[in-house]
Amino acid sequence: MAGGKAGKDSGKAKAKAVSRSQRAGLQFPVGRIHRHLKTRTTSHGRVGATAAVYSAAILEYLTAEVLELAGNASKDLKVKRITPRHLQLAIRGDEELDSLIKATIAGGGAIPHIHKSLIGKKGQQKTA
């Protein structure tokens, strides 16, 4: 084998690449989140390797939580498609998510709420 690279890679099969998302057992893209964290920091792109994994895990958990609650809301209304209205009902119905997500949801509508002092007691007659 003239001019060959016989010593290098002699009979070993190259291992298949495993993504960081697969290693962490996540669905969200750890590599992409790491890239976005690097471009949006002021410390010259220095971001720890576990920061992206942790951020991806948090985003995945919050997304799963919101989608589960919105799915329950759509099931209660007997429809199969989640709409912005279902997302709005799910987020505003959960106290912790409501405090976390203060954004206005386009197409979400208004949350029905009647103050307790306006609701009459049972058997109480309205006087005219």
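Keep in mind that glycine also has a Cβ here, set from the backbone N, Cα and C atoms.
Under the heading region 'Disordered', Swiss-Prot lists 1-23.
If you look up Swiss-Prot, you'll see 1-12 marked as compositional bias 'Basic and acidic residues'.
Taken from Swiss-Prot, the feature N6-acetyllysine applies to Lys5 (among others).
Look at Swiss-Prot and you will find Lys8 (among others) tagged as N6-acetyllysine.
What Swiss-Prot records for Lys12 (among others) is N6-lactoyllysine, and it gives similarity to another entry as the kind of evidence. Sequence-distant contacts of Lys12 (N6-lactoyllysine), defined by Cβ-Cβ distance under 8 angstroms and a gap of at least six in the same chain, do not exist.
Residues annotated as N6-acetyllysine in Swiss-Prot, with similarity to another entry given as evidence: Lys12 (among others).
As annotated by Swiss-Prot, N6-lactoyllysine applies to Lys14 (among others). Sequence-distant contacts of Lys14 (N6-lactoyllysine), defined by Cβ-Cβ distance under 8 angstroms and a gap of at least six in the same chain, do not exist.
Taken from Swiss-Prot, the feature N6-lactoyllysine covers Lys116 (among others), and the record attributes it to similarity to another entry. For Lys116 (N6-lactoyllysine), the number of other Cβ atoms no farther than 10 Å from its own Cβ, over all displayed protein chains, is 5.
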